[in-house]
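Straight from Swiss-Prot, the features:
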- K8: site 'Transition state stabilizer' (SITE)
- G41, G42, R63, N156: substrate binding site (BINDING)
- K215: site 'Transition state stabilizer' (SITE)
Amino acid sequence: MKKTIVFKCGGSVIRELSADFFQNVKELMQSGWNIAVVHGGGPDISKMLKTLQIETEFVDGQRKTTKPVLETAEMVLSGTINKFFVTELAKNGLKAAGISGKDGGLLQASYLNQDKYGEVGEIQKTDPSIIHALMKEGIIPVIAPLSMTSDFETLNVNADAAASAVASALHADKLLFVTDVEGIMDGESRLDTLTPQEIQALIDDGVISGGMIPKVNSALSALSEDVEEVMIVNGKGAFFTDQAFQGTKIVKEKESVS
């Protein structure tokens, strides 16, 4: 049975992905891995909202998703960003299909808190059949984080949560959070494998700080019964060299050495 990797690419790193990154994806495809991509698009959404002069408000650091904001987000996520990624994969000889969580009932959600956050969903159910159909044909699904309710309302969902849900539904062997750093660093050296307990200690000690904390917390929350290994890797360089993944691996517990 083929192994599966899900990549989560944040909106801030998508346009900075290196040629080495795409070459590595190609190598993995050629060596028999199934691949799916979930992407964000925050910076591009903000830019488009400004261009269209759509007013926004923030609640607890999160942009409230009003109907006009949602329409803009869907336009950017399913349109500009999604097709940009598909095109970059095509340039590297890889077949990809751009979809969103609405397609084929992939991500089914309910309102997180409509009064507070607006059109934002919490994923309740996944149906990965559309992903399996694409993978069977050797096509990489590139997924925008949008979902649908049981009443067919469109909701925006957190891209990290979407990636975690997709990885869980696929029983993925690896979920890779693609960032602009080599992994979790302690000074100049990269920490290769960490458990949740070790990560908390590093946060308490200030080794993990600033913008790295939300990246690490996203990776931690993705660990589940169905996703046993999460990695933080660098999209600005090679993440797969000498037949090994380069980055920080986050596991529930380390294997005991007997």
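Cβ atoms here come from the backbone N, Cα and C positions, even for glycine.
A strand conformation is recorded for R63 (substrate binding site) in the three-state DSSP classification. A helical conformation is recorded for G42 (substrate binding site) in the three-state DSSP classification.
Neighbour list (K215 (site 'Transition state stabilizer'), Cβ cut-off 8 Å, at least 6 residues apart, same chain): F177, T179, V181, I232.
According to DSSP, K215 (site 'Transition state stabilizer') sits within a helical segment. Across the structure, R63 (substrate binding site) and K8 (site 'Transition state stabilizer') are spaced 21 Å apart at their Cα atoms. Checking each of the binding-site residues G41, G42, N156 against K8 (site 'Transition state stabilizer') by C-alpha distance, the shortest gap belongs to G41.
The least crowded of the binding-site residues G41, G42, judged by other CB atoms within 10 A of its own CB, is G42. The Cβ neighbour count for R63 (substrate binding site), using a 10 Å radius over every protein chain in view, is 19.
For the substrate site, whose annotated binding residues are G41, G42, R63, N156, the maximal Cα to Cα separation is 13 Å. Note: N156 (substrate binding site) has non-local neighbours T65, L70, A73, E74, E119, V120, G121, P145, L146, S147, i.e. same-chain residues 6+ apart with C-beta under 8 A of its own C-beta.
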